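First the structure, in the form of structure tokens, and then the observations on it.
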Amino acid sequence: MLWARGRQPDHRIRMSQQTTIRKLAELVNTPVDKLLVQLAEAGMKFSGPDQVVTSTEKMKLLGFLRRTHGKADTPAEAASEAAKKITLNRRKLQEVTVNAGRTKTTVNVEVRQKRTYVKSENEGSGRAAPMTPDEERADILAKLAASRQRNLDEQQRLAESDRARDEAIQRKRDEEQAAKDRVEAERKAAEEAAAAASAPAPVAAAPAPSSAPAARAPSSPSSAPRPARPAGASPASRPATPARPDDRNNAAKHKTRGSHVMVAGVEDDDATKRFAGQLHLSAADRARRSNVRGKPTGRPGSSSSRRNDGGRGSNQSNSGPHGFERPTAPVVREVAIGETITVADLAQKLALKGGDVVKALFKMGVMATITQSIDHDTAALVTEELGHKAVRADNADFEDALLAHAEDAQGETTSRPPVVTIMGHVDHGKTSLLDYIRRTKIASGEAGGITQHIGAYHVETGRGVISFLDTPGHAAFTSMRARGAKITDIVVLVVAADDGVMPQTKEAVAHAKAAGVPLIVAVNKIDKAGADPLRVKNELLAENVVAEDFGGDTQFIEVSAKVGTGVDTLLDAISLQAEVLELKAVADGRASGTVIESSLDKGRGPVATVLVQQGALKRGDYLVCGIQYGRVRALFDETGHQPASAGPSIPVQVLGLSGVPEAGDDFVVVDDERLAKDVAQQRETKRRESRLVASATNRMEDILAQMGKGEGQQVLNLVIKADVQGSVEALKQSLVALSNDDIRINVIHSGVGGITESDANSAAASKATIIGFNVRADASARKIVESNGIDLRYFSIIYDVIDQVKQVASGLLGVEIREEIIGIAQVRDVFRSSKFGAVAGCMIIEGVVKRSKPIRVLRDSVVVFEGELESLRRFKENVDEVRNGTECGIGVKAYNDVKAGDQIECFERIEVARTL
């Protein structure tokens, strides 16, 4: 019931003080039985529909219905109900590593939690009477004691937790120390056992140690032997006896690989010194390091023999752990790859030759030279194919600096006006509705009466400032509508009451849901005779847009843009929705926002229509907008005035950029022009590299496609110039979408502004058609167009562009040859003729058989011959054609195998023009 929910209060005004139940049911458009049931549920019993309902009883019924639908009786109660609830939204970002083939990929996971706290009714209803000062003091002391006790309990719990943790750590350390001691004891036992097993028996008793160390004699085969080492010099020292020279020679001669360096039972002093004190070595390692590798060469007693016997040079031939070892597994490198990389740079990072990388690319089906750039995905695939690991390089240094500037601009947030986008099907009255709100005539100024740009306006109403974005409704402007939905706060969907839901209406609903913005439906043209608002509500149910009348949450407002009916109600609904959203923004500091539309003005240069989302945009600010930059020379609002600054949710036109930015680019204000220029140049470089990679890939795909087809596709080249960037984007998407397997629409160049000499030269070189959308060619361009015979066409409505390009493309397709059967003859008997051979006596069972048309002979529904007629006779006369139900004689040229029961099929070939 609409009046019960406060949407049409005029019903209550029209009701008299005493009304019967029947009359009340007629006023609120509710069955009498249902109204009686609702009155009974509200606690009022009536015997019949003719009883009188007083104002008190009506208010009681109204309060009951409000409570039933979850509404408060008064605004004060509604405010109190809202104050009892608080909703907390929490977002948590996590990174999860998942396996993706040979590598692991990190995926960002966002966890959203929503929790609503409701204040209990008992807290307000069960509140005790005011306490006396003594009672308040006792209550405070009790709470203080309870708080102290809780703090003591918490401290005790934390102390016990710390004590348990320390005990666990100490226990773990003791276990580790015990394990180390056990391993050390086992190692010492193994060393002692190995030393006892390898120690030889003493040859003779050692002489008494002298107080001074004996001088070492020179080591030579003819010299005297060295005296034995004192007993306390080394724990491994053993008594030794002088050895004869021939014994040394024999020891050097019979020494083998891995044997002890021993001369007549005396251990080599150099080996003992070299490894003395290395207690960390096991017995086996000590023995291995003490061995002398290699075989002796030369005569016994020579210098080479002495080196091999364990002299000073013996350490060079030992194979210690620091010697070179050939790697047993390939080296896996971690290669950082940006958005694009040349094949030569990738080969250098992989430590491979450039030819090897080119071969790997060829095996993967990518034909590239060593100087060509490849994209990140291709480089990562070839890196994985060569056995290395690819990681994405972070080369956004200037982007990080830009983000840091944007974060510095954050300050105190204040309320901002809502940004409302008007969306809907073409000719449903979007611009007319906005025109009535603004009290201007914008719709009549658009070509064809349809909107082809995004119009941005802000309107000051009695309920505050509201910024409106008027989007086109034509199917070609899909990207414009999607861009408008992304930067908006509220979407007003305009639906004509006589037309209902149309394709672009459904698309607008999808854009609004994808952007996650609330929707308000304005049912327009209710003043027309065939208006049916209920039909609109039912059709939008299929798109999951449920009206409040049907139990949903979407507001439906019936308006008329022509006479202004319901416009104030629509503005109220927008203001109410904006209050619910609680829109906030930083009003001061560096500005940032989005480009809505851009164009090239002949007198003012590049002009960008931007929507400020944060901060304040002022004249003189340095701006970075996509790949363009510059200093703000002037600001203009929709009325042509120059405001001093533009705050959040205010659309303005900006002059002073270096070029025309693309619609949808984000802009941000920076400190100086140098940073702005560096960021813009880096973005331009990245975009150019990506474009080169994409063009190389497209060229290769075109070559492969031409190889796979015999004749290849017909190509229609176009040069598109328009007045604004949004129109260029819409034209490109709409015209390229006309391509199919037989013809391809190729846009070789597009841009904003008039048609220049370079545009004409490009069209002449590629034999392209020039399309000017709301722009004209200058004198030099017209001269080139006339001299080269270039097809130049001007348009102002996008419908005409699409239709004429379809006609031109259809002309390139040529004609298609089709065969159409015109008659069938049944062979009843076969006669022999001396002149024609076999002559078929036939009955025409369908259509007409003509002498000049080709025929086919079918036997058991299978074609056995295709040729032409040699003779067609009716009785004995030659005739040109024989119609259905007539007997005739047919002579088939160069075919004498006609049999009874065959069918002769007569057909003709016709040419049909091909269309897209």
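Just so you know, glycine gets a Cβ as well, placed from its N, Cα and C.
For 151-191, the entry in Swiss-Prot reads compositional bias 'Basic and acidic residues'.
Per Swiss-Prot, the feature region 'Disordered' maps to 151-262 (among others).
Taken from Swiss-Prot, the feature compositional bias 'Low complexity' covers 192-243 (among others).
The region 'Disordered' annotation in Swiss-Prot covers 280-328 (among others).
What Swiss-Prot records for 293-305 (among others) is compositional bias 'Low complexity'.
Residues or ranges marked as domain 'tr-type G' in Swiss-Prot: 415-584.
Marked as GTP binding site by Swiss-Prot: 424-431, 470-474, 524-527.
Sequence annotations record features per position, and here Swiss-Prot assigns region 'G1' to 424-431 based on similarity to another entry. The average pLDDT for the region 'G1' (424-431) in the predicted structure is 83.
If you look up Swiss-Prot, you'll see 449-453 marked as region 'G2', on the strength of similarity to another entry.
As annotated by Swiss-Prot, region 'G3' applies to 470-473.
Per Swiss-Prot, the feature region 'G4' maps to 524-527. DSSP places the residues of the region 'G4' (524-527) in helix, strand and coil in these numbers: 0 helix, 1 strand, 3 coil.
With DSSP classes pooled into helix, strand and coil, the tally for the compositional bias 'Basic and acidic residues' (151-191) is 41 helix, 0 strand, 0 coil. Reduced to three states, the DSSP call for Asp427 (GTP binding site) is coil. Cβ neighbour count for Lys430 (GTP binding site): 30 (other Cβ atoms within 10 Å of its Cβ, all protein chains included). Thr471 (GTP binding site) falls outside any helix or strand according to DSSP and counts as coil. On its own chain, Ile526 (GTP binding site) has Ala497, Pro533, Glu558, Val559, Ser560, Thr565, Gly566 as residues at least 6 apart in sequence with a Cβ closer than 8 Å to its own Cβ.
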